[in-house]
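Student: Sharing the features that TrEMBL gives for it:
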- 22-42: transmembrane segment (TRANSMEM)
- 48-68: transmembrane segment (TRANSMEM)
- Glu62: substrate binding site (BINDING)
- Glu62: active site, proton acceptor (ACT_SITE)
- Glu69, Lys87, Asp88: ATP binding site (BINDING)
- 89-110: transmembrane segment (TRANSMEM)
Amino acid sequence: MKLWINKFKNAFRGFGLLISDFSVRIQLVLLLVASVFFMMLGLETYEWIAVVICFALVIVAEMMNTVIEKTLDYIQPNQDPKIRNLKDMGAGFVWMACMFAIIVACIIIGGKI
Ligand SMILES: Nc1ncnc2c1ncn2[C@@H]1O[C@H](COP(=O)(O)OP(=O)(O)OP(=O)(O)O)[C@@H](O)[C@H]1O
């Protein structure tokens, strides 16, 4: 039982560290703004499910990218072309998640107008 409480505590601490990151905060603010917009638009339950899945995809991608960036900064604080490639791939990963979320948003908004 104590082991599970510790695991939960560690995960909660990690979550706190993640949401203290600037890029993660920006994404959370954008998701909040998008939520208000979709609330005003009035979505069906199945549309909300799609929106929530997209939000999860974007925020989890951003959080994973933050961990990758911090790991790379830790192992190589100096300029390095290989680190550049890895960081750009991480950014591309987040960008890809955002593109799919934007496509879903366009489909939902398109259906309302
Ligand atoms: N050590 C490095 N060597 C070479 N290029 C790097 C290095 N660190 C960062 N870069 C380049 O700078 C870009 C931005 O990196 P940075 O670590 O500042 O990320 P960021 O997207 O600004 O995120 P955050 O604001 O969360 O740190 C990378 O995508 C990469 O092209």
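Each Cβ is built from the backbone N, Cα and C atoms, and glycine gets one as well.
For each listed feature, how buried is it and what is near it?
Tutor: The Cβ of Glu62 (substrate binding site) has Ser23, Val24, Gln27, Val94, Ala97 as same-chain neighbours under 8 Å, each 6 or more residues away in sequence.
The secondary structure of Asp88 (ATP binding site), as reduced to three states from DSSP, is helical. Taking the Cβ of Asp88 (ATP binding site) as reference, no residue of its chain lies under 8 Å away while being at least six apart in sequence.
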Student: Taking a Cβ cut-off under 8 Å, which residues six or more beyond the ends of the transmembrane segment (22-42) line up next to it in the same chain?
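Tutor: For the transmembrane segment (22-42), the list is 48, 51, 55, 58-59, 62-63, 65-66, 105, 108-109, 112.
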